[in-house]
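First up is the structure itself, then whatever we jot down about it.
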Amino acid sequence: MRVILAPMQGVLDPFVRELLTEVNDYDLCITEFVRVVDQLLPEKVFYRLCPELKNQGFTSSGTPVRVQLLGQHPKCLAENAIRAIDLGSHGIDLNCGCPSKTVNGSNGGAALLKQPELIYRATQALRRAVPSEFPVSVKVRLGWDDISQAFEIADAVEQGGATEITVHGRTKADGYRADRINWKKISEVRERLSIPVIANGEIWHWQDGQDCLSQTGCQDLMVGRGALNIPNLSHVLKSNAEKMPWYEIQKILQKYANVENEYDSGFYHVARIKQWLRYLNKEYNEANQVFDKIKTCQTAEDLKLRLNEK
């Protein structure tokens, strides 16, 4: 079984990827999306969103990283895919699942679910552009506002030449509602396709992973929010390990606060650690106490001081 760290825009940034892969055995990470509009992006854009490219596409602990592209123009997607591969990306992932209103309003992400033909053309363009030894993957949801086109969407991905597909078990309209998860439909998609299907959605603990594998018939899982709730989730899912103790999480947070970020405006780590603590609070009561301690922080220096307080 592979466990893949999902792309989460504005959450699973390079620094979080670095920290999570240090304490796990993730098989692959997907980056936050690189937005492609109508031109070939400069190298610095790829390096900013995927600094691992400067390390041959690996995190410092050796986990391969795959660049995700978001866009609607097949030709431009293909041109930027070639650049990402040349810089060291371990394949290319196409975003057809982001539910953000801003992204969808520009006809990107989940908006493509309404246009299976465009998914096909985009996937085909990527496959033709990317050398055959590099995988092309596509991340989708089950549909836009219902699951009636789930098979058509999946067929478009496979017929476009994708190596594998990740299926999030909800529609765009479902958002992240727990009661809307549909692993059964993922199973039906898997039975229909000949390429590997990676299951995604509502995988928080070891038992969730076992249930998802059983109900979908998939061999691989992708996790996002759960990886923030339990920082060693990959170990938990693969070997039923105990969740990481809080004192180890404190060390991770302190390390994150001390990472130098050349793109930081001064408030970056403050906002991100507050955000992470909200996820951790779902599994650790101590997260609330730490949040209360840092909630008035406005600078990185103040944050470091308070996190180091006993």
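Every residue number used here counts from 1 along the chain in the order it is shown.
Cβ atoms are placed via backbone N, Cα and C, with glycine included.
Listed in sequence order, the residues of the same chain lying 6 or more apart from Cys98 (active site, proton donor) and placing their CB within less than 8 Å of its CB are Gln9, Phe33, Leu70, Asn104, Gly108, Gly109, Ala110. The active site, proton donor feature in Swiss-Prot is assigned to Cys98.
Same-chain residues at least 6 positions away in sequence with a Cβ under 8 Å from that of Gly224 (FMN binding site) are, in sequence order, Leu5, Ala6, Pro7, Met8, Val11, Leu12, Asn200. Feature annotation from Swiss-Prot assigns FMN binding site to Pro7, Met8, Gln9, Gln68, Lys139, Asn200, Gly201, Glu202, Gly224, Arg225; the stated evidence is sequence analysis.
Annotation comment: Swiss-Prot describes Arg35 (among others) as site 'Interacts with tRNA', evidence class sequence analysis. Sequence-distant neighbours of Arg35 (site 'Interacts with tRNA') (same chain, 6+ apart, CB under 8 A from its CB) are Leu70, Gly71, Gly108. Secondary structure from DSSP puts Arg35 (site 'Interacts with tRNA') in a beta strand.
Per Swiss-Prot, the feature site 'Interacts with tRNA' maps to Asn95 (among others); the stated evidence is sequence analysis. Of all Cβ atoms in the protein chains displayed, 25 besides its own lie within 10 Å of the Cβ of Asn95 (site 'Interacts with tRNA').
Annotation source Swiss-Prot lists site 'Interacts with tRNA' at Tyr176 (among others), citing sequence analysis. DSSP assigns Tyr176 (site 'Interacts with tRNA') to coil in the three-state reduction, outside any helix or strand. Counted within 10 Å of its Cβ, the other Cβ atoms near Tyr176 (site 'Interacts with tRNA') come to 13, all protein chains included.
Counting every protein chain shown, 20 other Cβ atoms lie within 10 Å of the Cβ of Arg272 (site 'Interacts with tRNA'). Look at Arg272 (site 'Interacts with tRNA'): DSSP puts it in a helix. Residues annotated as site 'Interacts with tRNA' in Swiss-Prot, with sequence analysis given as evidence: Arg272 (among others).
The site 'Interacts with tRNA' annotation in Swiss-Prot covers Lys274 (among others), and the record cites sequence analysis as its basis. In sequence order, Phe291, Ile294, Lys295 constitute the residues six or more apart from Lys274 (site 'Interacts with tRNA') in its chain with CB-CB distances below 8 Å.
Tyr279 (site 'Interacts with tRNA') has a Cβ environment of 18 other Cβ atoms inside 10 Å. When secondary structure is read from DSSP and collapsed to three states, Tyr279 (site 'Interacts with tRNA') falls in the helix class. Annotation source Swiss-Prot lists site 'Interacts with tRNA' at Tyr279 (among others), citing sequence analysis.
The site 'Interacts with tRNA' annotation in Swiss-Prot covers Lys295 (among others).
With the fewest other C-beta atoms within 10 Å around its C-beta, Lys295 stands out among the recorded positions Lys139, Lys295. Taking a C-beta cut-off of under 8 Å and a sequence gap of six or more, Gly201 (FMN binding site) has these contacts in its own chain: His168, Gly169, Arg170, Ile181, Trp183. Spatially, by CA atoms, the recorded sites Asn95, Tyr176, Arg272, Tyr279 include one closest to Lys139 (FMN binding site), and that is Asn95.
Tyr279 (site 'Interacts with tRNA') and Arg272 (site 'Interacts with tRNA') are 11 Å apart (CA-CA, integer value). Counting only the Cα atoms, the space from Asn95 (site 'Interacts with tRNA') to Tyr176 (site 'Interacts with tRNA') is about 17 angstrom.
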